[in-house]
Amino acid sequence: LSSRKQQWFIALLAVRLLKPAQFDPSFNGPLKKRSCTDIICLFLFLAVILGYIALGILAWLYGDPRHVLYPRNSTGWFCGVGPNKDKPNLFYFDILKCATSVNVMASALNGLQCPTTQVCVNQCPSGFWVVSPMAFGKNPKDVFDQNLCVPSASLTSGETVKGILDKELCPYYYTPTTPVLGRCLPDVTALGKIPPDFANTGGLLPSSINDTVSLLKNGTGDILNGFNAKDVAIRIFEDFASAWPWILLGLVIAMLVSMLFLLLLRFTAPVMVWLLIIGLLAAGAYGIWHCYWEYDQYRLQGAKISDVGFTTNVKIYLQVQETWLAFLIIVSLGEAVILLTLIFLRTRILIAIALIQESSKAIGHMMSALFFPLFTFVLLLICVAYWSATALYLATSGIPVYKVVALNATEPGCTGINATESCDPQSFNSSKYQDCASARCIFITYNEEGLFQRNLFNLQIYNAIAFLWCVNFVIALGQCTLAGAFASYYWAFNKPGDIPMFPVTGSFMRSLRYHVGSLAFGALILTLVQIVRILLEYIDHKTRSAQNACARFILCCMKCCLWCLEKFIKFLNRNAYIMIAIYGKNFCVSAKNAFKLLMRNIIRVVVLDKVTDVLLFFGKLLVVGGVGVLAFFFFSGRIQAPGNSFSSQNLNYYWMPIITVVFGSYLVAQGFFSVYSMCVDTLFLCFLEDLERNDGSIQKPYYMSKNLMKILNKSNKAAK
């Protein structure tokens, strides 16, 4: 009985899945009379957006991005603002202490302080200097530069040079530095010019100073062997400054070529598809001939695999007849599969070609659709900017906490200082710690005692989740808008006369007015899958050192499954948005109808998908390759600019503009071709609906093009 129930259930499921769509006499394209869908998800999405706005306001009120944007000296003042307005750069007394404890830039960007005195300066030092042995008997005023010392240090108070160095009131050496994000970092181009007497201190300096100077002296060989990133960056910037009009011209050419390719597909699609198929068959035929020829040659020589045995040299196996016999069988089977596919699926290939041609016509009638991705791109930029600004303000929303820290913990009087005593860096008096001359008031962390500060981690998670949801919603809005516009083209019986005015704008307004909830629902499902993937990647990263082979295998399988699930959700959402744009149903109903419709025509789906992918791949290859080759000949000097207005001799690295043009051309082609891909998918679903709903009679005429009706041997009956 149980088995019979299962059979009835499977049969019922198959009937429901294969049941075609029914004719609706009132349907003639995207419905104008529709109602709001997925109201619950709409209110949930609006609540999240309002919470996101409130989070941004709170972060703006409590946050202080100056902790990241501006460097801060040892007393807690920011360089470049306030009392240090004329001192925008931060100078480190002993930069090697920062390098040996934590990364300089990473520590500065996270608000951490290096274990050395730091002061705000007007200009970074540009030369070599070190306290010489003869300077210990001189007046400190004649030895040190007051601009590079702690502002509270007095060089005329009777303090000795050694006392000033012990208290780190002034630097005991410096090298040529250059400002990088407001921080004076060593200029690696000048470290190879260290004066011979730079490290000759005569043993009068403390041993730590001698070690530092020696390390700097001996380490310059490795530094000079490194890559001078700053110098290269400046040269690249100069290249962009001189070549940007021609880079922009290359991107414009890429845009025009992309548009021209899409518009000409209505004429060139059949030729390109059949040329690719014939080329594939010809390559297979050549492969069969070559494999047989190699097999016959080695067969006549009597070369057998039994004579070779097992060897790690793979080339040996290419010299026996059995290897080429296996290749011959594999290539022959592949050729047979291609031929059988071509024979049995030729009609579906013709349908795919006809739909591609029809898509080119549709884009030709609504050129504004090609530029709609620019609007989507702007919305995505807004989402990214809001997320990054909110994250920045949240990360700096606490009050800085300062503790008394001994910069030199090896001093006898510094053993009791263990960063437990709070202090104010602006009023800190080091004379209180006479037994520990290196005692300083150093930033430790941000205050986490308030309710807002205690939940910063949770708020950052909320910021990330809301960001992902907003990004997926913006993409869904763009897909639904384009789907509605292209559906209005297909369901126009007399083209182009029946195409509505401003189809893209009308579809966008319908999506915003009625279907924000449904789009948010689909975006939420995708967001949840992406969150699980991110968590899995985080777990994998944190536990990688403790994983064995079994754990790595399980994690790899889980990541692969989630990747496939995300791809499937994107595919399902894309087709659900098309059905929403046409019929105005909620997300679940639209996704179900789209999935059933595709499953009833699964072979057509596969054929159309592959044919479209191949054409768009070669289209991108044409755009990127063509513009890239043109850019290479131009920026390398093989093609001269008209009127000698530009010379490649002025470029430091001519390959940088070429890479920029190639990458930009790919982005341009991707933007245009994404519209075309959406058009193909929309017209395909409309075509399948047309086949199931209509029969060509006067009451139920076909809306498809005459070319499609000719391929399917269908026609509309004329009215008597």
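All residue numbers here begin at 1 and follow the chain in the order shown.
Each residue, glycine too, has its Cβ placed from N, Cα and C.
If one looks beyond the transmembrane segment (39-62) by at least 6 residues along the same chain, the residues whose Cβ comes under 8 Å of a Cβ in the stretch are 386, 389-390, 393-394, 397-398, 452-453, 459, 462-463, 466, 469-470, 473, 516-518, 520-521, 524, 587. According to TrEMBL, the transmembrane segment annotation covers 39-62 (among others).
Annotated transmembrane segment per TrEMBL: 243-265 (among others), in sequence order.
Sequence annotations record features per position, and here TrEMBL assigns transmembrane segment to 271-289 (among others).
The transmembrane segment annotation in TrEMBL covers 324-345 (among others).
Among the features that TrEMBL reports, transmembrane segment is placed at 365-387 (among others).
Residues or ranges marked as transmembrane segment by TrEMBL: 461-492 (among others). Packing against the transmembrane segment (461-492) from elsewhere in the chain are residues 28-30, 45, 48-49, 51-52, 55, 358-359, 362, 365-366, 369, 372-373, 375-376, 379-380, 383-384, 386-387, 390-391, 394, 498-500, 503-504, 506-508, 510-512, 515, 519-520, 522-524, 526-527, 530-531, 573-574, 577-578, 580-582, 675, 678-679, 681-683, 686-687, 690, 703-704: each is 6 or more residues past its ends and has a CB under 8 Å from a CB in it.
What TrEMBL records for 512-536 (among others) is transmembrane segment.
Per TrEMBL, transmembrane segment is recorded for 614-635 (among others).
Annotation comment: TrEMBL describes 655-676 (among others) as transmembrane segment.
The stretch from 271-289, 365-387, 614-635, 655-676 that makes the most Cβ contacts under 8 Å with the transmembrane segment (243-265) is 655-676. Between the transmembrane segment (365-387) and the stretches 271-289, 324-345, 512-536, 655-676, the greatest number of Cβ pairs separated by less than 8 Å involves 655-676. Here the transmembrane segment (614-635) sits against the transmembrane segment (271-289); at least 3 CB pairs are under 8 Å, leaving out pairs fewer than 6 apart in sequence.
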